[in-house]
């Protein structure tokens, strides 16, 4: 499908109602939506609950479970393990809960404590054995899953000088990216010899980075590019020449700025997501969703991204996206 | 936690005379700067038993409304350069505006340029949606904000 040709449209299929406060984040269960298994979505909210939505045989979505009476404050972020069997939920109550899906019911099987205050984001690595969390206490924590749903903290990563907004594992390498209110993006990896986690690279203003809070990051499916979005009203595309086979050491510290997408947003860009097909979607505080695609202009060395479409008033309020689906309040 | 007041001797001004608005001169659902000012002028200062208007923390002129774009901009002037209550005042403004105006309005709140030593830091916090939401879940802070908002009822005519 050539995205750059023809009329693209973004149409709302259904509005999922149920939460009684702002919806902050959502996540598609990766083990669903294929091979006849109905698609499953998790949403988390300021109402302190997480809702599970499933697509029924008629194609419409219904709420199949409400995960409540656990978190005592806003649930800010949620993430499914690669197997789709576990759901991690990160909350302003400073904890991260791990839920297991057993025949349609969800049970909280672990609670990760350690952050000093609000946890903002949680991410599983490709193997499903490591979990990363981050928060307002400026730290990033890495946890390892042990048998029996036990989680052990493997490392507390310090380096950001402010609130860490999001963490995201590389799609297949043991490399972690974090983005922050301190305007920087940090890349973390394990030291080949000592198994210590440390910051291998910092992308800040000096490296053509953002000039205000960085809210989100998303990798492309190849894992050789990532997109970041910011309160500075730009999206930035980063590129690495690190080879897939080199999974540790200094080779992961080779991210460089590729291009900046500017002039399209006039309010904070909260969310960015890079689809499998290469479309970059942004969700911003002007209630709009914008889709971008790389234009293959061979006369120019540097790749450029064109706006495919802008969907205004996609929500009644600010938009945050997840994997090509969006939500607001 | 400071024991003394940040500003023990605030300068108190008279309140601007309230103009009764003629019914037909103002479309019911259009929002203008006086509507916004009327909603926030009586918010009580966190430290003193006076309104933000009386302390000249804000005025009608410090408010801009773009009805078409759905934007409200407020700048406010803390009474002293090192006022640690600046973020609390900002939070009070946010909560009051959320309560009084339709949710599609985008609100930008900043301190008047040059009026605060940590201007950039205060502005950044006040305009970070996530930080504001988390702060309002803090029971102590919420209580302080509620006191500033609800005691203003004593001042309404």
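Using N, Cα and C of the backbone, Cβ positions are placed for all residues, glycine too.
Features as listed in TrEMBL:
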type: REPEAT; residues: A:16-54; note: repeat 'WD'
type: REPEAT; residues: A:68-100; note: repeat 'WD'
type: REPEAT; residues: A:112-153; note: repeat 'WD'
type: REPEAT; residues: A:157-188; note: repeat 'WD'
type: REPEAT; residues: A:207-248; note: repeat 'WD'
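Restricting the average to the repeat 'WD' (A:207-248) gives a pLDDT of 88. Through the fold, the repeat 'WD' (A:112-153) approaches residues 73, 76-83, 86, 88-98, 100, 160-174, 176, 178, 180, 186, 188, 197 of its own chain, all at least 6 residues removed from its boundaries and within a Cβ separation under 8 Å.
Using a Cβ-Cβ cut-off under 8 Å and counting only residues 6 or more beyond its ends in the same chain, the repeat 'WD' (A:157-188) has close neighbours at 77, 120-126, 130, 132-136, 138-142, 197-205, 209-219, 221, 223, 226, 228, 230, 232, 238, 242, 244, 247-248, 252-253, 255. In the repeat 'WD' (A:207-248), the DSSP tally of helix, strand and coil residues is 1 helix, 18 strand, 23 coil.
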